[in-house]
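Visitor: The structure under discussion is supplied below as structure tokens; questions concerning it will follow.
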Amino acid sequence: MLLMLAQWLQDDFGFFRVFNYITFRAVMATVTALLIGLAAGPWVIRKLAALKVGQAVRTDGPQTHLVKSGTPTMGGVLILIGIFISCILWADLSNRFIWIVMIVTFGFGLVGWVDDYRKVVYKDPKGMASRGKFFWQTLIGLFAAIYLAFSVSEVNNLKVLQLFYKWLRSGFALDLPAKTNLLLPFMKEVSYPLGIMGFIILSYLVIVGSSNAVNLTDGLDGLVIMPVILVGAALGAFAYVMGNAIYAKYLLFPYIPGAGELMIFCGAMGGAGLAFLWYNTHPAQVFMGDVGALALGGALGTIAVIVRQEIVLFVMGGIFVAETISVMLQVFWFKVTKKHFGEGRRIFRMAPLHHHFELGGWKETQVVVRFWIITILLVLIGLSSLKLR
């Protein structure tokens, strides 16, 4: 919104030309979201506490968590408010990628809100029925995946519709441009053609998988938000490079017109995340809830698909991956051993993985900071693929 105003005024007031720089608007989006979060935080926390949306704590988990019972949850609303207001102010609202990421973020956030609401208001520990949650996640994920299959290689929505029409006329046999290929990190100009169905399936898995992986990681004070900020910032760097024809050519990446604007969203997500961390750091005054975790994970997955960095997301989000795998292995092994031995056995003391380390003697803050350190290292590895090719 401010960009349109600045472009209208820049002929008379030259200093407004600074708004044309994505880097400037990304910084301002970060600061704006941070200030909104810090200012609105106390009010949001008071409202959540007044509504008695307190977090229920598992009695079979670490006993140190019992004191957290009743702490307001659904604090992810604070993050989403900061992101959306900041993006509306600083992003180019004619950019199709900004809108698809915001739609996915809002959609997953809405699913998470319903899940949280049922848990804390209706006192239903299961929350939203798993089938219902999966249905809505699938609907949102497929919508984004199908749109991006025809959007990543084009410059505007008219071209997107034309490509989609060509695909229909070809009897679903049209090949996508090379820009939609799966990029292999650390490999110079090596990519794997996915085809339209392959692109849609992979994109769906990345978007929905990332959403659920971030949600599983959200279990300790401050644990998930810092990795989200770090991975989001790195994806913002990839978006800036691949949205710039000169940098993309120099670094041997496909040029994706409009992708650079996602740096604004990543900046807003980082600023809103830091503001949330201010209130979520141990001992937490508020928890993120599914409304925040599902939304942020979906946003990361969608951005990774747009900038063709699905594998790099897998690397940089290694903590999310490890947490998810720990849950899958625990459930699988429990069911297998129960079937064969009559009682379920466990691989980990408790899943997700962060609880395993807690029950092993690590303090909560030790788990959190060490997971942050691991994420920093993984993000540096991911960023190195910008040049090491």
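Positions of Cβ are set from backbone N, Cα and C atoms, glycine also.
Look at Swiss-Prot and you will find 25-45, 73-93, 97-117, 134-154, 190-210, 222-242, 258-278, 286-306, 311-331, 366-386 tagged as transmembrane segment.
Help me see these features in their spatial surroundings.
Guide: Residues of the same chain lying 6 or more positions beyond the ends of the transmembrane segment (25-45) and with a Cβ under 8 Å from any Cβ of it are 3, 19, 72, 75, 77-79, 81-83, 85-87, 89-91, 236, 240, 263-272, 274-276, 278-279, 285-286.
Non-local neighbours of the transmembrane segment (97-117) in the same chain are 53, 73-74, 76-77, 80, 83-84, 87, 91, 127-128, 133, 136-137, 140-141, 144, 147-148, 151, 207, 211, 215, 258-259, 261-262, 264-265, 289-299, 302-303, 306; each lies 6+ residues outside the stretch with a CB under 8 Å from one of its CB atoms.
Within the chain carrying the transmembrane segment (366-386), a Cβ under 8 angstroms from the stretch's Cβ atoms is held by residues 185-186, 220-223, 226-227, 230-231, 233-234, 237-238, 241, 251, 282, 309, 312-313, 315-319, 354, 357-358, all 6 or more beyond its ends.
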Visitor: Any contact between the transmembrane segment (222-242) and the transmembrane segment (311-331), i.e. 3 or more CB pairs below 8 Å with pairs at least 6 residues apart?
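Guide: The answer is yes, given that the two segments have at least 3 Cβ pairs within the 8 Å cut-off.
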Visitor: Grab the same-chain neighbours of the transmembrane segment (190-210) for me: Cβ-Cβ under 8 Å, and only residues 6 or more beyond its ends, written as numbers and ranges.
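Guide: Distant contacts of the transmembrane segment (190-210): 104, 137-138, 140-142, 144-146, 148-149, 167, 172, 174-176, 178, 180-184, 297-298, 300-302, 304-305, 310, 313, 317, 320, 324.
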Visitor: For the transmembrane segment (286-306), what are the same-chain contacts with Cβ under 8 Å, counting residues 6+ beyond its ends?
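Guide: Distant contacts of the transmembrane segment (286-306): 41, 44-45, 48, 55, 68, 71-80, 97, 100-101, 104-113, 115-116, 127, 137, 140-141, 144-145, 148, 152, 202-203, 206-215, 217-218, 224-225, 228, 231-232, 235-236, 239, 256, 259, 262, 265-266, 269, 273, 276, 279-280, 312-313, 317, 320.
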Visitor: Can you name the far-off residues of the same chain, 6+ from the ends of the transmembrane segment (311-331), with a Cβ under 8 Å from a Cβ of it?
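Guide: Same-chain contacts beyond the flanks: 182-185, 206, 209-210, 212-214, 216-217, 227, 230-231, 234-235, 238, 297, 300-301, 304, 346-348, 351-354, 356, 371, 374-375, 378-379, 381-382, 385.
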